[in-house]
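**Q** TrEMBL feature annotations, pasted as is:
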TRANSMEM  A:53-72  transmembrane segment
TRANSMEM  A:84-105  transmembrane segment
TRANSMEM  A:178-195  transmembrane segment
TRANSMEM  A:207-231  transmembrane segment
TRANSMEM  A:243-260  transmembrane segment
TRANSMEM  A:272-294  transmembrane segment
TRANSMEM  A:306-324  transmembrane segment
TRANSMEM  A:330-349  transmembrane segment
Number of protein chains: 2
Amino acid sequence: MDYRRIKDQDKEQDAVHDDIESLRGKPLSGSANSMVMLGGSSSVQSKWKRKSAVTLALTVLTSSQAILIVWSKRAGKYEYSVTTANFLVEALKCAISLAALARIWRNEGVTEDNRLSTSWDEVSVYPIPAALYLIKNLLQYYIFAYVDAPGYQILKNLNIISTGILYRIILKKQLSEIQWAAFILLCAGCTTAQLNSTSDRVLQTPFQGWVMAIVMALLSGFAGVYTEAIIKKRPSRNINVQNFWLYVFGMAFNAMAILVQDFDAVMNKGFFHGYSLVTILMILNHALSGIAVSMVMKYADNIVKVYSTSVAMLLTAVLSVFLFGFHLSLAFFLGSTVVSVAIYMHSLGKLQR
Amino acid sequence: MDYRRIKDQDKEQDAVHDDIESLRGKPLSGSANSMVMLGGSSSVQSKWKRKSAVTLALTVLTSSQAILIVWSKRAGKYEYSVTTANFLVEALKCAISLAALARIWRNEGVTEDNRLSTSWDEVSVYPIPAALYLIKNLLQYYIFAYVDAPGYQILKNLNIISTGILYRIILKKQLSEIQWAAFILLCAGCTTAQLNSTSDRVLQTPFQGWVMAIVMALLSGFAGVYTEAIIKKRPSRNINVQNFWLYVFGMAFNAMAILVQDFDAVMNKGFFHGYSLVTILMILNHALSGIAVSMVMKYADNIVKVYSTSVAMLLTAVLSVFLFGFHLSLAFFLGSTVVSVAIYMHSLGKLQR
């Protein structure tokens, strides 16, 4: 539902954007010039609206994703093979991108920007994020030799810092001093919000564990920043084409993961063994979240993505109080306060640049 | 030792300050004018030095104060009556102020600014901070009906917020938006650093407990801000005279507290019953800390005081690792990070005003 709403909005605003772009191509008289300026300001506004809409969608989807995970855990252990579910997520995202494209082709015809066929040059970079995520996911099995699961949740907050650093280095975008301070606060605040009585064990993580956690954070940050670089490289290119190519390689890598990890299980028990309603909802949610991430990369950036998923984490905790009768800890309130100040500072830093 | 160093520095810089003030009184020729400007810039620098010195002294003294408390607790329960110790602290501060004054009188003679005698108008406000602290200390006995001791330590961080608000309202000084954000972070960071496995109990504090905690925070904040108002009201007035009058009333109120609370114990066991080396060191330390607080009020402000004592709290924890083999928690590291960012932002906010 959310996704469709965004898609529609997206299309409307793409149309506005196209109008301005087509105007820019024409020789400008004085009045046309002022029209462009008017168009420019409404374009800024519509861009802001689109950015807000995709960010909101990502926050809501990520938050409900976590809720579904808690729900599925409460229902019992994972019965299905995770690799098949991951494959289906990629396949579903591919299908949705194709469906969106079909509609665009019907309405607007096939153009240079929305045609699916592509050059080797354009497509050659698309497997890289998928490959990076695959390596990260493989490492995930090994890190548990050094860190327990709650400790890993804590260490995952290193992603925030690695994303900030790689965003700066690779995309060469500046963050103001206040925004850097805000980013450190975001990391500290998220970690604080997740503190519990066993969290201190993470301080006993051996050296190898720290190295792996940092490598994983760098891989994850690099994959995110690299995806943004790919998607932003050609702004006029239709996002659904870009998504299609991203997800095709996602499918391929996940098919490989099925072969390596779960081939026997799939052969003996069947592809859909252990699937339940929650599993299907989770696949649906992951697919929509994935598309929302791509859109945030296209219309906003990795920094917005990090803030969005951080807020989703806090939102999940609050929702869990109502849904599962969870208790919020003092650490959660303190962490949320710090995250709120971080968001405020980030926006303040933006104004001052 | 620290105190003497500050006192000497203080005197030197007072002399510089007096020179400029005496120059200002004279009709200015062009060259005298440029001298004043030179003097003005060196005065800014010396003021900054004095401010840094008293702030550093307060931080070191507050930190060692907490170390002494831990030491005395390790040595066993308080054997001495706290009210007699408090009285001695006030008496010692009074004596130190008089000794400093005697030296100043010998060197500079008695002037309007350093004479001890005073008008009713000037002295009438001095009992108020002492009275406020007394009420707060009395309330302290009752709050433990609602909150346990570690919970009270957590709630005491409300002082930070109350000081900020009263500083704004009573002294009518502006804090920039970033400085307000920094103040909220300071409060959240200090609380985070103090989190332990029992901290969540504070969330079960009944309504009366919250009200009392807030009232105590307001009393403490008001006493601090009011002291600053008194001390800053007449900038040229010698700080030792101001301290003398503050501490005389402190002595009077604490004498009353002995009569009310520990009269029997003092009569039966004697005034100095249960005093040990640690007790004497604690009294000495409290006296010097008290004087450092006054100086921070004179040469800096309540905001600096709050930052200084917060840093002292973190410093104490780090020192306790070496002295008592304490372990630092993950929450401590996160809280310290947030406090560090808060300090950075406070200084950033100052530059931007």
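All positions are counted from 1 along the displayed chain.
Each residue, glycine too, has its Cβ placed from N, Cα and C.
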**Q** What stretch in A:53-72, A:178-195, A:207-231, A:243-260, A:306-324 has the biggest tally of Cβ pairs under 8 Å against the transmembrane segment (A:330-349)?
**A** A:178-195
**Q** Determine which recorded stretch among A:53-72, A:178-195, A:207-231, A:243-260 has the most C-beta pairs below 8 angstroms with the transmembrane segment (A:306-324).
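**A** Result: A:53-72.
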**Q** Under a Cβ pair cut-off of under 8 Å, which of the recorded stretches A:178-195, A:207-231, A:272-294 contacts the transmembrane segment (A:53-72) most often?
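**A** The stretch with the most contacts is A:272-294.
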**Q** May I ask for the residues of the chain that lie six or more residues beyond the transmembrane segment (A:272-294) and have a Cβ under 8 Å from a Cβ within it?
**A** 2-3, 6, 54, 57-58, 61-62, 64-65, 68-69, 71-72, 75, 78-81, 84-85, 88-90, 92-93, 96-97, 227, 231, 239, 242-243, 246-247, 265-266, 305
**Q** Can you say which of A:178-195, A:207-231, A:243-260 has the most Cβ pairs under 8 Å with the transmembrane segment (A:84-105)?
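**A** Against the transmembrane segment (A:84-105), the leading stretch is A:243-260.
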